[in-house]
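Enquirer: Pasting the feature list from Swiss-Prot:
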- ASP23: active site (ACT_SITE)
- ASN71: active site, proton acceptor (ACT_SITE)
- ASP23, GLU210: Mg(2+) binding site (BINDING)
- 24-28, ARG36, HIS40, 68-70, TRP72, ARG74, ARG191, 197-199: substrate binding site (BINDING)
Amino acid sequence: MFNNLKNKEQEELLPEHIGIIMDGNGRWAKQKGKPRIFGHKAGMDSLKDVAVHGARRGIKVMTVYAFSTENWTRPVDEVKFIMSLPIDFYSKYVPVLKEENIQIRMIGEREGLPKATLDSIDRAAQETSENDGMILNFAMNYGGRRDIILAIQELAKSGQDLSLLTEEELSKHLQTAVLSENLRDPDLIIRTSGEQRMSNFLTWQSAYSELYFAQTAWPDFDDKELDKAISAFQKRDRRYGGVK
């Protein structure tokens, strides 16, 4: 009886919105004597498994850092391969995601992304548009600082008096605001592969997120690792700068 109540209480403490910095693909591949692109391909398969498990756990939104504005500085061949991954991912896994009632969305600047990449994202979003389960949100060509700048520029163009700008008003113009009305900022942000930094991911939105740094490289991050991160979150005491 007590265990059932405890389990129910923990489920009620689920993070609604999880952000994931999928790190370690290249290092994982190097350890296996493989090229970096081998790690990116393995990471694609991990993403499907983690997304499905998150949806089944009852997570409402999962935002994954797929490609940052800084990633353009990587070798040309690697960038080209990464840009092909959405095409492969959606063609391979959209049927599974549809069956799991998962919605596909994207944030980030469309300008600069290859047409084939954008077409695959748009097609996946359209094919899952009638789903009402977890939102799987891909941050592509995304940077947190750039997100804030674009929001301010948009407000300035609309004639907004920026001297009266509030946090609430700015939040409404950030890219995550288009995902869902009244979308929560990330409750939990996970970074894999042992690195402990945010790397310009959801800079504004992560102000009060709980952070979880997993030692596991992204290609090895699975449903059990996600459960460990959620369990750690459930043990945190979130005070939002106050005192309890």
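Note that Cβ sites are derived from N, Cα and C of the backbone, with glycine treated the same way.
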Enquirer: Does DSSP put ARG191 (substrate binding site) in a helix, in a strand, or in coil?
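Expert: DSSP call for ARG191 (substrate binding site): strand.
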Enquirer: Let me make sure I understand the structure: which of the binding-site residues listed (TRP28, TRP72) has the fewest other Cβ atoms within 10 A of its Cβ?
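Expert: Among the binding-site residues TRP28, TRP72, the lowest count of other Cβ atoms within 10 Å belongs to TRP72.
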Enquirer: Find the shortest Cα-Cα separation between HIS40 (substrate binding site) and the recorded positions ASP23, ASN71, GLU210, and name the residue that gives it.
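Expert: Minimum Cα distance from HIS40 (substrate binding site) across ASP23, ASN71, GLU210 lands on ASP23.
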Enquirer: For GLY24 (substrate binding site), which residues of its chain lie six or more apart in sequence with Cβ-Cβ distance below 8 Å?
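Expert: GLY39, THR192, SER193, GLY194, GLU195, THR216, ALA217, TRP218, PRO219 - these are the non-local Cβ neighbours of GLY24 (substrate binding site), listed in sequence order.
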Enquirer: Count the other Cβ atoms sitting within 10 Å of the Cβ of HIS40 (substrate binding site), across every protein chain shown.
Expert: 21
Enquirer: Name, in the order they occur in the sequence, the residues of the same chain whose CB lies under 8 A from the CB of GLU210 (Mg(2+) binding site) and which sit 6 or more residues away.
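Expert: Result: PRO15, ASP187, LEU188, ILE189, PHE233, ARG236, ARG238.
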Enquirer: How many Å separate the Cα atoms of the residue listed as 'active site, proton acceptor' and the residue listed as 'active site'?
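Expert: Spelling it out, the Cα of the residue listed as 'active site, proton acceptor' and the Cα of the residue listed as 'active site' are 12 Å apart.
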Enquirer: Let me know how many other Cβ atoms fall within 10 Å of the Cβ of MET198 (substrate binding site).
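Expert: MET198 (substrate binding site): 17 neighbouring Cβ atoms within 10 Å.
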Enquirer: According to DSSP, folded down to helix, strand and coil, what is TRP28 (substrate binding site)?
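Expert: In the DSSP reduction, TRP28 (substrate binding site) maps to helix.
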